[in-house]
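Trainee: Features from Swiss-Prot:
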| type | residues | note |
| --- | --- | --- |
| ACT_SITE | 272 | active site, charge relay system |
| ACT_SITE | 321 | active site, charge relay system |
| ACT_SITE | 428 | active site, charge relay system |
| DISULFID | 42-72 | disulfide bond |
| DISULFID | 70-79 | disulfide bond |
| DISULFID | 87-98 | disulfide bond |
| DISULFID | 111-120 | disulfide bond |
| DISULFID | 128-209 | disulfide bond |
| DISULFID | 149-191 | disulfide bond |
| DISULFID | 180-204 | disulfide bond |
| DISULFID | 214-345 | disulfide bond |
| DISULFID | 257-273 | disulfide bond |
| DISULFID | 359-434 | disulfide bond |
| DISULFID | 391-407 | disulfide bond |
| DISULFID | 424-452 | disulfide bond |
| DOMAIN | 40-82 | domain 'Fibronectin type-I' |
| CARBOHYD | 185 | N-linked glycosylation site |
| CARBOHYD | 398 | N-linked glycosylation site |
């Protein structure tokens with residue numbers, strides 16, 4: 001009888017142990033059930049895209065011009081050939097051919113070699129990312145921990161801020177795939193992964209490109225001198241932008257200010273250029289132009305999506321004299337890199353170059369303050385960074401100088417150098433760049449000065465290192 005009781009007690013204890021171990025297994029089973037519920041979706045074996053129950057799509061036949069219409073039915077793709085016609089508007093990127101179903105509005109892109117995705121937006125040859133990877137459109141899909149990324153279109157991400165069903169998903173690089181992206185201007189590409197039954201954000205293991213191209217150029221030694229500087233070619237300053245504004249009371253447009261290309265779709269400039277508060281649709285940005293109004297062979301022109309002026313800009317002292325223009329484009333890429341068009345490198349937050357470091361400025365501004373017109377050709381000037389002790393009101397006729405400003409000027413003197421290099425009216429918003437780690441790097445934005453080319457009086461520039469956070473925050477989608 002005692003042995004029987006012991007046996008029953010042992011069975012009860014074993015049963016209790018099994019019951020108490022259930023929560024861990026149940027968690028796993030919940031995850032497995034979720035996977036099975038997700039499994040009623042369809043995976044297109046040709047494109048590897050995932051579609052939900054009853055969702056339909058078009059797909060091209062790889063070896064023919066036929067197009068199939070497919071529908072997800074209980075986890076299986078049911079497909080049949082449908083007649084198509086050319087799309088009425090441009091929908092495919094990177095040279096893709098667009099076909100639209102004859103009887104309904106859906107479309108499909110036949111992508112050239114090296115590209116895939118709904119709109120040929122995925123670059124299968126992209127093996128690394130540049131800068132922070134905001135424009136990375138490759139196929140890397142593994143996080144730094146080795147986990148596989150979740151498809152951005154997954155129902156599991158519906159309540160997340162960034163998913164493939166956002167209205168601006170294609171612009172952010174999101175869609176029906178699980179490739180690493182950086183839609184929020186983070187420090188590098190990332191994705192969502194499953195860890196301990198939770199969805200978390202993890203950075204990806206995609207490598208950074210070994211050599212950044214920002215700040216590189218094919219410098220041409222200037223041959224002609226001009227008052228205030230030297231005539232130059234755009235290939236010597238490929239980050240230089242020209243900003244134009246529509247005339248308010250007449251047709252046409254006028255040159256407004258200079259600007260600086262800092263990424264494919266963003267131009268940095270001076271806030272004081274927009275004191276008249278031009279709406280974005282009245283602005284135009286030209287890149288790759290040597291002559292101010294004469295079109296160049298390799299120039300690129302863009303309308304403006306956004307004009308962001310620093311919220312604390314002081315139009316009296318010119319403190320916080322900084323603004324951002326977002327270029328308008330139908331794709332994630334705006335400016336195409338070339339010898340004439342290339343972004344400048346932004347500085348590290350702690351970058352401090354030695355006093356009297358030689359730097360360069362460029363712009364289409366006046367030759368001197370009394371000139372009636374702006375320069376017809378791009379000019380460059382060579383100036384040196386002034387010590388902070390020489391960048392004060394005392395040396396600038398009691399004008400206000402804040403910690404958000406820096407000074408630079410031409411320190412050459414004597415009869416050999418009668419032409420003092422300096423910025424002037426019309427150069428505003430342009431760059432002050434210096435060599436750092438073999439790349440030209442943006443130190444300042446041309447802001448204000450006392451006259452133009454006055455001996456021993458420096459020009460004043462917006463100190464870019466003070467605004468890296470502001471730039472980053474405002475470039476976020």
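Every residue number used here counts from 1 along the chain in the order it is shown.
Quick reminder: no glycine exception, Cβ is built from N, Cα and C everywhere.
Bear in mind that the values here come from a model prediction, so they are computed numbers and not experimental data.
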Trainee: Where residue 180 (disulfide bond) and residue 191 (disulfide bond) are concerned, what is their Cα separation in Å, rounded?
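Mentor: So the alpha carbons of residue 180 (disulfide bond) and residue 191 (disulfide bond) sit roughly 5 Å from each other.
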Trainee: Go through the recorded positions 111, 191, 257, 272 and tell me which ones have a CA within 10 A of the CA of residue 98 (disulfide bond).
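Mentor: Hits: 111.
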Trainee: Could you round the CA separation between residue 87 (disulfide bond) and residue 185 (N-linked glycosylation site) to a whole angstrom and send it over?
Mentor: 33
Trainee: Whole-number Å only: compute the distance from the Cα of residue 204 (disulfide bond) to the Cα of residue 428 (active site, charge relay system).
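Mentor: With distance taken Cα to Cα, residue 428 (active site, charge relay system) is 40 Å from residue 204 (disulfide bond).
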Trainee: If I take the alpha carbons of residue 391 (disulfide bond) and residue 321 (active site, charge relay system), what is the distance between them in whole Å?
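Mentor: The separation of the Cα atoms works out to 17 Å.
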Trainee: Determine the Cβ neighbour count for residue 428 (active site, charge relay system): the number of other Cβ atoms within 10 Å of its Cβ.
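Mentor: Its Cβ has 26 other Cβ atoms within 10 Å.
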Trainee: Around residue 72 (disulfide bond), which of the listed recorded positions (79, 120, 185, 191, 398) come within 10 Å, judging by Cα atoms?
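Mentor: Within 10 Å of residue 72 (disulfide bond): 79.
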Trainee: Helix, strand, coil: count each for the residues of the domain 'Fibronectin type-I' (40-82), based on DSSP.
Mentor: 0 helix, 23 strand, 20 coil
Trainee: Three states by DSSP: which one describes residue 180 (disulfide bond)?
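Mentor: Note: residue 180 (disulfide bond) is coil by DSSP, not helix or strand.
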Trainee: To the nearest Å, how far is the Cα of residue 214 (disulfide bond) from the Cα of residue 407 (disulfide bond)?
Mentor: 24
Trainee: Within the chain of residue 345 (disulfide bond), which residues six or more apart in sequence place their C-beta under 8 angstroms from its C-beta?
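Mentor: Looking at Cβ-Cβ distances below 8 Å from residue 345 (disulfide bond), excluding near sequence neighbours, one finds 212, 214, 215, 436, 439, 440, 441, 442.
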Trainee: What is the Cβ neighbour count of residue 214 (disulfide bond) at a 10 Å cut-off, with all protein chains included?
Mentor: 20
Trainee: In the structure shown, which of the disulfide-bonded residues 42, 128 has the fewest Cβ neighbours within 10 Å?
Mentor: 128
Trainee: Kindly assign residue 273 (disulfide bond) to one of the three DSSP-derived states: helix, strand or coil.
Mentor: helix
Trainee: Non-local Cβ contacts of residue 321 (active site, charge relay system) (under 8 Å, 6 or more apart, same chain)?
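Mentor: Same-chain residues close to residue 321 (active site, charge relay system) (Cβ under 8 Å, separated by 6 or more) are 270, 271, 272, 310, 313, 445, 447, 448, 462.
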